[in-house]
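Asker: There's a structure below that I have some questions on.
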Number of protein chains: 2
Amino acid sequence: MKYLLFEFLLVIFFVYIQCEITYIEVKYPLKGKRSPPNAVWPHPQQINISNDLLYIRPNDLAVYSNLQTCDIIAKAIERYKPIFFPPTLDMKQPSSNMENILQNLTLNVKGNIQCEKYIELNSNEAYNLTIKQKFALVEAYSVWGLLRGLETFSQLIYINEQNYIVINSSVDIIDSPRFRHRGAMLDSARHFLPVSIIKKNLDVMSYNKLNVFHWHLVDDQSFPFESKTFPNLSRAGAYSPDHVYTPDDVADIIEHARLRGIRVIPEIDTPGHTFSWSKSMPELITVCWTHGKSYQSIYSIQGEMEIFNPSEPRVYSTMDALLREIHERFPSNYIHLGMDEVYDKCWLSNPNIRQWMVDNNILSTKNLHKYYADQILDITRNISVTPIVWQDVWDEHVELPPGTIIQVWKDSSDNIEFSSWASYLNRAANEGYNVILSSPWYLNYISYGKYNTDTSVMNLEFFKYYEVEPLRHFSGSSEAKERILGGEACLWGEFVDGTNLLSRFWPKAAAVAERLWSAASINNSEDAQFRLDVHRCRLLRRGIPAQPILNGYCGNYDLGMSKSMINHPLFNYDNPIWTETIAPSSARSFASLSSSSSSRMFNYKLYHIVYLILSLFFVYFCRK
Amino acid sequence: MKYLLFEFLLVIFFVYIQCEITYIEVKYPLKGKRSPPNAVWPHPQQINISNDLLYIRPNDLAVYSNLQTCDIIAKAIERYKPIFFPPTLDMKQPSSNMENILQNLTLNVKGNIQCEKYIELNSNEAYNLTIKQKFALVEAYSVWGLLRGLETFSQLIYINEQNYIVINSSVDIIDSPRFRHRGAMLDSARHFLPVSIIKKNLDVMSYNKLNVFHWHLVDDQSFPFESKTFPNLSRAGAYSPDHVYTPDDVADIIEHARLRGIRVIPEIDTPGHTFSWSKSMPELITVCWTHGKSYQSIYSIQGEMEIFNPSEPRVYSTMDALLREIHERFPSNYIHLGMDEVYDKCWLSNPNIRQWMVDNNILSTKNLHKYYADQILDITRNISVTPIVWQDVWDEHVELPPGTIIQVWKDSSDNIEFSSWASYLNRAANEGYNVILSSPWYLNYISYGKYNTDTSVMNLEFFKYYEVEPLRHFSGSSEAKERILGGEACLWGEFVDGTNLLSRFWPKAAAVAERLWSAASINNSEDAQFRLDVHRCRLLRRGIPAQPILNGYCGNYDLGMSKSMINHPLFNYDNPIWTETIAPSSARSFASLSSSSSSRMFNYKLYHIVYLILSLFFVYFCRK
């Protein structure tokens, strides 16, 4: 009896806590609307949702599709099972004779749509998701729309306080992306990014409905991409023989992305950023001169050998062969050509290049840029590939083929109102180019996590990314507006590798994802912080070590806690320890790891009823 | 034959790469001396070392000690085995009849020293390490010195290009710490830090010879410390019943630290930062008033209930009982009392406190601070505990008992030359207080990783921490100088939890560790960057996901690579997945996991001789 009173008091305290989580400093009580536990991220275009709930029976939920034979759908259904029903959770199975049980989920494409293979820029990702009369239905015009709808469905499921898996009983979502190109750029040259981490990152991208993996494959520091045509490039240019993406690795990553509705766009950055090429093909690289001496670097401006030599014909034959191979191996019809940060002082410092310019009547560096770009763009034209370039070559007034995508990255200033990236977007789109925006989304520029804009406002770091409005200052025709395809969150790799990639990138990249998917009117950072906090806990439950954006906790899913999924084999790839110590067949099997129990788990059995009554009582006090 | 030529060329490339790793941008070639693969971090006081090497036979290396029965030594020897001989490496066993094999390692205390239990502020951590005539000897005046020497020995071991484990054949190290108090502060209140992560952090601390874990246990946001006297504090104040440090958890952490020569100093921060206490003991907390209304917060200055009520006698009886319990449970004779950031406007806003001040002739907030501090300091005096306080209470000119340690944290400015923290150190030490420094070492203030001080210099983020010289501006007697006990790297937890703690803190905290251990003259950041890079790779091999500070790689130990140790059970604690899927007895046994093979491992067997000849050839070219 003494214990019962004790437990009773415990429940009081526990409920009381739930009312008042102190999110940041006490002296900075956060504004904004608190989020329901199953808020959808990115926010759908239209959503109507009931407060009533249906129970879900983990062992019984059937998923049907009129594209069940399509590998993308079949594999997605398999993949989402442990996402619907977290394997380390002690969920309760509602008895089958209970009412209010969700009967099944159906994923149907409308019309005479067949299974597709690769998502494209203009693929239709729209979907409708309805739950009524105990049936859930996702309808779309493509497999991609079904994937997006399935993701939304998975986010609506949550575990309630009584440990039942539930979902709203009446849901009506009409959803489609605002922008077509929603990307994440990773840099595998400054540090090699293991295949397992890239795949895990593709998983998180799909949870955030991003659809482009821009793969900055090679750079000055290393050349990890194993070319079949020029294997010496990675043999000499990679950090080590193990720090290489073999053809199988690349195919594995492309397939992983394909199944999740993500395009992989490779970047082969030239004519600058090519020092790693010099290890095997020094003949392609410009030697810089200073004071009459060759092989000279100028500190903080240029290295001694980091730019292609535009006067060298072998540059173009090599690029022709390499880009053809890339085009063959990457299903995307886009190749990113880089063309950024070309320090033309090195070109001009080289007497041979100066002579060649005179001989060829190329009388300015602008024309030298143009000469190089024209040759490479001819190659992409010949192989019917659409080029993407960083804005630099366009800054140099080089004319680019129609349809070229210009990636705006300059001016990453925090000043949201008067950012010059907006004028770049304006001008490029009005000149007829397609544009993607990255300037405000260089997520490698990290900070403490919060900043004060004035003494009375506390802003979180992600607000900077979230409050960007790509079209705020846009002026131009509606056709020009259509050419603003979207944007990319970029994570440059100087200080990023497998140890910190996922925690640095997420959930900040999710802020970019919502900006690119959701309506422009979904822009209240203070509300978003609570939804993103919920979403971050969701990512933890799916094995992603996304870092916190607020004080607080994610229940037992916090890393290192009893139910953490971070190292769970279901959400990890190629972990050498796992494959050594667990038989591969069981390592990625859902059933074999689906149960666990924690000795410290809060035992709800004793005071369910008390808890419920008290909850109602305290809800009254908690309301503001 | 065709293959042999092919492999031959591969070796050429590979050796060539080793000469020219591009560390940062090509245009910023790094200055500084490249590090040997076994540079000791923190740098010893005196080190003489040969280029000749001894081989080590992993199966045969005997370790002796004249304190073999001391649990600290016996367990350390066991613990260091997998550190000496990384279990996932394909090491070669030199044949036993080879010459140049290290025969054994002896760890001896000098004099009549017995096994000790807990390290203290004034414990002797000095040691000598010598290797000659194939025998290694660590000598010290305490078990703590032996631990530090054992760590140094472990760092001297490395795996050479031929995959043999080697160590320098002649070593003469005389070493001792410059400062006695070398700490790391973690904050388990903004986010709960799982026990497993705290223990892993204690491991890394020992690898860096840090000897104090300052545990900021509780704060406004949560009260995870389970008190036996006041269990309701954590029941109501913790984020959840699982986000609690039970008495067993605390004892486990203290024991883990004890075995590694680390003191655990708990912080119970009062009278501010006590919002979480209000959940169970609202009677202890001052209610703030504004405009004649109670329970009012003033945005960005104070919360509505975040400071103890100094007029409330129950505050002092509670603190008395709690501090007695803390003293009983934590073997350290120090307790950190906090006493920072007390927003006394709230005190003055409360009419009852104002009346009480008049009644008790307390006519200023300074005297109110003093009143509170005096009561608490009386308690620590009664229980014979030395108090540590943040500098704030000293800033308020409250007189503190002699021996009090003042932790200087204000002015974390980057301006190393004219920092006012130096004047705080000066003044406090000259007033007779002991001092520890933290101002320049708030490692939660993160940045991109590099910064340019002017156009021609590239600085890495860790330079800021490394270039701090605590005594640069010190003026005072040598007795006053002795009172500067050391410092602490702090990691506040607003945006830190298990997902990112280790990668954010390490290897930056290692920069602080070297500053506090090594001679002031070891202060060349450009040299240190290469040694720290080597040390960071060492941490990866020991399962710590320390983030990169430079471009480059750590061989197969990079996270996600075939030999990564990050998730290996040898270096992880209480991972729920591991304990579920691996039998506990084997999970932490060295032998059962000592072998592995990688399908992609670079096969050295074929061209050892060629490689050696080429190495010599290329070393000639690589020298600068």
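The chain as shown is numbered from 1 upward.
In case you wondered, yes, glycine gets a Cβ from its N, Cα and C as well.
Caution: TrEMBL annotation is automatic and unverified by curators.
TrEMBL lists these features:
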SIGNAL    A:1-19  signal peptide
DOMAIN    A:40-156  domain 'Beta-hexosaminidase eukaryotic type N-terminal'
DISULFID  A:Cys70-A:Cys115  disulfide bond
DOMAIN    A:179-519  domain 'Glycoside hydrolase family 20 catalytic'
DISULFID  A:Cys288-A:Cys346  disulfide bond
ACT_SITE  A:Glu341  active site, proton donor
DISULFID  A:Cys537-A:Cys554  disulfide bond
TRANSMEM  A:604-622  transmembrane segment
Asker: For the C-alpha pair, I'd like the distance in angstrom between A:Cys346 (disulfide bond) and A:Cys115 (disulfide bond), rounded off.
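Answerer: About 51 Å separate the Cα atoms of these two residues.
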Asker: Cα of A:Cys70 (disulfide bond) to Cα of A:Cys288 (disulfide bond): how many Å, rounded?
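Answerer: With the alpha carbons as reference points, the distance is 55 Å.
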Asker: Around A:Cys70 (disulfide bond), how many other C-beta atoms are within 10 angstroms of its C-beta?
Answerer: 20
Asker: Can you tell which of the disulfide-bonded residues A:Cys115, A:Cys288, A:Cys537, A:Cys554 lies nearest to A:Glu341 (active site, proton donor) in space, using Cα positions?
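Answerer: When the Cα distances are compared, A:Cys288 comes out closest.
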Asker: Have a look at the disulfide-bonded residues A:Cys288, A:Cys537, A:Cys554 and say which one has the shortest Cα distance to A:Cys115 (disulfide bond).
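Answerer: Out of the listed candidates, the nearest Cα belongs to A:Cys537.
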Asker: If H, G and I count as helix, E and B as strand, and all else as coil, what does DSSP give for A:Cys70 (disulfide bond)?
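Answerer: The residue in question, A:Cys70 (disulfide bond), is coil (DSSP, three-state).
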Asker: Roughly how many angstrom lie between the C-alpha atoms of A:Cys554 (disulfide bond) and A:Cys288 (disulfide bond)?
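Answerer: Pair distance, Cα basis, whole Å: 54 Å.
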Asker: Whole-number Å distance between the CA of A:Cys537 (disulfide bond) and the CA of A:Cys288 (disulfide bond)?
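Answerer: Checking the Cα atoms of A:Cys537 (disulfide bond) and A:Cys288 (disulfide bond) gives a distance of 51 Å.
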Asker: What is the number of other Cβ atoms found within 10 Å of the Cβ of A:Cys288 (disulfide bond)?
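Answerer: Taking all protein chains shown, A:Cys288 (disulfide bond) has 25 Cβ neighbours within 10 Å.
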Asker: Please report the number of other Cβ atoms within 10 Å of the Cβ of A:Cys537 (disulfide bond).
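Answerer: Within a 10 Å radius of the Cβ of A:Cys537 (disulfide bond) lie 19 other Cβ atoms.
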Asker: Using a 10 Å cut-off, grab the number of neighbouring Cβ atoms around the Cβ of the residue listed as 'active site, proton donor', all chains included.
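Answerer: For the residue listed as 'active site, proton donor', the count of other Cβ atoms within 10 Å is 15.
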Asker: In the domain 'Beta-hexosaminidase eukaryotic type N-terminal' (A:40-156), how many residues does DSSP put in helix, strand and coil?
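Answerer: Residue counts for the domain 'Beta-hexosaminidase eukaryotic type N-terminal' (A:40-156) by secondary structure: 28 helix, 31 strand, 58 coil.
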Asker: Provide the number of Cβ atoms within 10 Å of the Cβ of A:Cys346 (disulfide bond), excluding the reference atom itself.
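Answerer: For A:Cys346 (disulfide bond), the count of other Cβ atoms within 10 Å is 28.
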Asker: Out of these disulfide-bonded residues, A:Cys115, A:Cys554, which one has the fewest other C-beta atoms within 10 Å of its own C-beta?
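Answerer: Result for the disulfide-bonded residues A:Cys115, A:Cys554: minimum number of other Cβ atoms within 10 Å at A:Cys115.
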Asker: According to DSSP, does A:Cys288 (disulfide bond) sit in a helix, a strand, or coil?
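Answerer: DSSP assigns A:Cys288 (disulfide bond) to coil.
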